[in-house]
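All remarks here apply to the structure that follows.
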Amino acid sequence: MTAQIIDGKAIAQSIRTKLSEKVTARKEAGQRVPGLAVILVGADPASQVYVGSKRKACEEVGFISRSYDLETNCSEDELLSLIDSLNDDPTIDGILVQLPLPAHIEDSKVIERIRPDKDVDGFHPYNVGRLAQRIPVLRSCTPMGIMTLIKSTGVDTYGLDAVVVGASNIVGRPMTLELLLAGCTTTTCHRFTKNLEQKIRQADLVVVAVGKPGFIPGEWIKPGAIVIDVGINRLDNGTLVGDVQYEAAAQNASFITPVPGGVGPMTIASLLENTLYAAEQYHD
């Protein structure tokens, strides 16, 4: 068996095209264009790349894109004050603060300062709580994008045994909630998990988000399983690889996401979907 590739790049492009059409329709109806504010603190090279991609995608679909680049040594109060002003700005539907933040700024305080109806990253405790209670509104972007990828396979998720490797607030934990909502029996694995191999070998669906190149051997993948590789790791030779040993995994899986071109583009597409949702549901 050779896995079918889940082309996140193509699916994300399809989403952006639909969003662009909706923005055009809003303009023609005399409605406001959605607005996204992106805040970057410091000059971390990876963060600059991510922020650049988000701003470019925003402009591509016709959203208003507002950029705020703050110095690494900016105070927490300065950042919170900027968020307060954007919370009150009627032209802005979504506020995104690129993580990680410098050590002197508390992530949770910043995330909770963003108004829940403008939390298009889906990180605010209110929005995570809505997902936990099975009434999601603004959902965490990477898990939301992954669910779109899984749906694209046409596989019925109800009753699947799913394993999520990684328990971060950004991916692992909300991913577990999304899969529960989709009817899976879900196991979340983390650094203290015993018998990881055994759990993965039994899984119909595996989502891996640990940030370690080739962490999951391909031969662990159950024949016919769906593999979603969230990792994006740059090797010393410049090659980008995922957290799963791709070639071997692709021999067993029924569907697999490539790295790059799998989950990454979907995270940004989901961010744009959330921004339009916030405009339509909360701010029109």
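Note that Cβ sites are derived from N, Cα and C of the backbone, with glycine treated the same way.
Per Swiss-Prot, the features are as follows:
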type	residues	note
BINDING	G166, A167, S168, I232	NADP(+) binding site
Give me the long-range Cβ neighbours of A167 (NADP(+) binding site): same chain, 6+ apart, Cβ under 8 Å, in sequence order.
R173, T176, T188, C189, H190
Within 10 angstroms of the C-beta of G166 (NADP(+) binding site), what count of other C-beta atoms is obtained when all protein chains are considered?
24
When you measure from the Cβ of S168 (NADP(+) binding site), how many other Cβ atoms are you left with inside 10 Å?
15
Measuring Cα to Cα across G166, A167, S168, I232, which the record gives as the NADP(+) binders, how far apart are the two most distant ones in Å?
16
What is the total of other Cβ atoms whose distance to the Cβ of I232 (NADP(+) binding site) is within 10 Å?
17
